[in-house]
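Data first, discussion second: the structure below is written as structure tokens.
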Amino acid sequence: MDVLQVVWFRRDIRLHDHQPLVEALRFGEPILPIYIADPSLWKDSELSVRHLQFIMEGLTELQESFQKRRGTVYVSIQEMEDVLETIYEAFGEFTIHTHEESGTPLMNERNMRVHKWMESQGLQMKEYQQDGVQKGIDNSRAFKKEWNVYMDGQLFEIPEYVPTVDEDEVPSILSSTIEKMNRLSVGGMRIKYGQQGGESLALESLETFLSERSKRYKDDMADPIASSTSGSRISPYLAWGNISMRYIVQQTNEQLFSIEDEEHDNQLKAFLSRLFWHSTYKQWLVGNPSIAYESIDTALDDVRKIDIEVYQKWCDGETGIPMIDAAMRLLLKTGWINNQLRAMLISFACHTLGMEWRRPADYLAGLFLDYVPGIHYSQTQLTAGTTESKSVKVLNPIKLGKNLDPEGTFVRRHIPALKHVPNKYVHEPWKFHGFVHMDYGEPVLDVKEANRRAKEIFSSVKGTNHVQTKRAQKKRNANNEAEQLSLNLFDS
């Protein structure tokens, strides 16, 4: 064997449209495909066991796909540098092929360490574009042009044969047993009713969406119940790379070309638009990684605090505000809620309850099965009012409940105690004469009054000419582009 070709899987757990895999196979030698779970990235971070569960489901199917092609994927729970050192000792010179990654500062630090290690050994690391995201582009017009070029590009075909290094030659730090990843120490809670990971389920979800479910995509987007079926539900698969963004865009365009129903056409065009913004926010994080932990505008940082008792009630879906509690309980159970409900939870935490945004954001990141750092933290800051915008929408969950769930079907489904409360009171059960006998807590505060105070605080702090920012000009450019999108892009 000459130089070993290593394929490093990260958020790209699939076979179709996988350039690193195809490029590595061009050398005509057995390759070494690896997935590494660095303990430093998982310990005490926003990543949770439900993410690991989804990743393992995807890896299990990927392993089956490799084995059908006479290959094997190897996994390890070690720091990437230690794995590379072991590979180097066993095989000598090697080259890494991997997709570029848009992540948090912690992920970026790991990637930088890997780059430095490879350079110190005089080894090559080849990174390939994914989702149309590119380093070095900070202009929205240029990004849109490059994004379209990438999405129109030819898909990389699934290899028929994937020769890999024989297992008896692979160092013991690597294993072909995916289940061994369960040994990784990671927090959070597993889910029984969420979507399962894997390439075949991703492709199936896209097919059913484009052919049928998308017919009410835009119309039902905010509906807390209907959105679970009319939405694409491919966001977890995009998040962990079980499906290629380019494949989705091309399949959507093919469907648009074939349908004659104008209304269905409009629904799919709305979906395409959101795919572009999905990439845009990943691109935003590339140039502004600190948005994952640092307010773009720090003006509100000193006036927002965390009340641990109230925060815990918010985390558990026990605030006494039906729409908030129902949304949180659904999220805890399945790992998914629609965009409107996501914005509502953050608005309630940061404005109504007056919490500093970072802790609620990290908690939600661990719950969302489709967690993508660039989307999650940018949308959180837009909702929390910590961008440079001097206006923000403070959401009222009681009004939202009455508008989106007028008969209380959604809240009753997730809060059994409200089962027999009349529709008139279902979003304000404390006004119902039988409330004292119900197994449901009183509201943690008066929403209307709390929102009034929140608006006053926001106006007094952000209404001044002095806007406190860090690296202001760079972030102002990024933020101006971000403000083009309303607060509804947590998932696709």
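Quick reminder: no glycine exception, Cβ is built from N, Cα and C everywhere.
TrEMBL annotates Tyr217, Thr229, Ser230, Gly231, Ser232, Arg233, Ile234, Ser235 as FAD-binding residues; of Phe257, Phe271, the candidate listed for that same site is Phe271. Residues 461-492 are the range that TrEMBL records as region 'Disordered', among 397-428, 461-492.
The number of other CB atoms found within 10 A of the CB of Tyr217 (FAD binding site), across every protein chain shown, is 22. DSSP assigns Ile234 (FAD binding site) to coil, not to a helix or a strand.
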